[in-house]
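Asker: Next up is a structure, given as structure tokens.
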Amino acid sequence: MTLKGKKVTVHDMTLRDGMHPKRHLMTLDQMTAIATGLDAAGVPLIEVTHGDGLGGSSVNYGFPAHTDEEYLGAVIPKMKNAKVSALLLPGIGTVDHLKMARDLGVHTIRVATHCTEADVSEQHITMARKLEMDTVGFLMMAHMNSAEGLVKQAKLMESYGANCIYVTDSAGHLLPEGVKERLSAVRAALKPETELGFHGHHNLAMGVANSIAAIEVGANRIDAAAAGLGAGAGNTPMEVLIAVCSLMGIETGVDVAKITDVAEDLVVPMMDFPIRIDRDALTLGYAGVYGSFLLFAKRASAKYGVPARDILVELGRRGMVGGQEDMIEDTAITMARERGV
């Protein structure tokens, strides 16, 4: 199957998912420098919020260096061509957060739920459509639901008014075959005018391969991050994805050299540690654990003397999902007690 001439919208995650490894402490200068670089490189859509979305500032998820309003207010006025998006998780973000984002100039809102809980998104998706925003339903941890199950959840979000549905590999656990199975089923079930997106993580080094697999079965929005900056081993590395798309004739509108420069000159120097597939990030992908659990598990490991890898495997065995960050320490305490540490 040739993908030459296929047009894809690349959606940058550096300034939202990338907040996880930065412990949500990016400065306004870092945000604006990277955002303007992405804009100049031709990236059409850039996500800006706390790593856990609008309203994420909390004891549970971490306190950011600045408020969502401050980050959005700094970035949006500097954009020449790119539009800015925001993530919202019902139960963390509220309708008031949604209205605030719209008033600041946010173009796209992505309403995210666990892949079996789309029904909690109705209020937020409905309001976003009333506000005439580009409205995305974002189904997280997609490996934990079957293709048939994802179809039901996607159709719920579509019925609430979402004009794009994302299948999200939050754990970086899926392989290309699993991506194709899920996205092809969702694509066939949605209205032709409803867009389809894919969000990948690189914990098994499958980010680019899975993104191409998604494009093959009809996805036209693809998430990626410069230098892969994101939870776990990072998101699909954008500069690599753009280069591969260029070689395949997939049209992204993003300049290969410019996005590579953003990654190398702006993002890599900002990293607090290398974003790579270490033993713990690999365990996230292998065990199917939510990507942002990584730093929480490492902190619990240092505190209780249980290897982070063992904590992550146990979290996977228990089926923990995004939003249960408080259970990581509880799990580590239980394991330490059982081991007599």
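Each Cβ is built from the backbone N, Cα and C atoms, and glycine gets one as well.
According to Swiss-Prot, the active site, proton acceptor annotation covers His20. The annotation substrate binding site is assigned in Swiss-Prot to Arg16, Asp17, Ser170, His199, Tyr290 on the grounds of sequence analysis. Taken from Swiss-Prot, the feature Mn(2+) binding site covers Asp17, His199, His201. The feature domain 'Pyruvate carboxyltransferase' is assigned by Swiss-Prot to 8-260. According to Swiss-Prot, the site 'Transition state stabilizer' annotation covers Arg16, on the basis of sequence analysis.
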Asker: In whole Å, how far does the CA atom of Ser170 (substrate binding site) lie from that of the residue listed as 'active site, proton acceptor'?
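Answerer: Computed Cα spacing between Ser170 (substrate binding site) and the residue listed as 'active site, proton acceptor' is 13 Å.
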Asker: Between His201 (Mn(2+) binding site) and Arg16 (substrate binding site), how far is it from one CA atom to the other, in Å?
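Answerer: About 14 Å separate the Cα atoms of these two residues.
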Asker: What are the sequence-distant neighbours of His199 (substrate binding site), meaning same chain, six or more residues apart, C-beta distance under 8 angstroms?
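Answerer: His199 (substrate binding site) has long-range Cβ partners Met13, Phe138, Tyr166, Val167, Thr168, Asp169, Ser170, Asp223, Asn235.
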Asker: Please report the DSSP secondary structure of His201 (Mn(2+) binding site), reduced to three states.
Answerer: strand
Asker: The record lists Arg16, Asp17, Ser170, His199, Tyr290 as binding substrate. What's the largest Cα to Cα distance among them, in Å, rounded to a whole number?
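Answerer: Answer in Å: the longest Cα-Cα distance is 16.
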Asker: Same-chain residues six or more away whose CB lies under 8 A from the CB of Arg16 (substrate binding site)?
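Answerer: Within the chain, Arg16 (substrate binding site) has Cβ neighbours under 8 Å at Glu47, Val48, Thr49, His50, Gly51, Gly53, Ala86, Leu87.
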Asker: If I restrict to non-local contacts, at least six residues apart, and a C-beta distance under 8 angstroms, what lies near the residue listed as 'active site, proton acceptor' in its own chain?
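Answerer: Once residues fewer than 6 apart are set aside, the residue listed as 'active site, proton acceptor' is near Gly51, Gly230, Ala231, Gly291, Ser292, Leu294, Leu295.
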Asker: Averaged across the domain 'Pyruvate carboxyltransferase' (8-260), what pLDDT does the model get? Just tell me the whole number, please.
Answerer: 97
Asker: Neighbour count, 10 Å Cβ-Cβ cut-off, for Ser170 (substrate binding site): what number do you get?
Answerer: 31
Asker: Tally every other Cβ atom lying within 10 Å of the Cβ atom of Tyr290 (substrate binding site).
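Answerer: Step by step: centre on the Cβ of Tyr290 (substrate binding site), count other Cβ atoms within 10 Å, giving 28.
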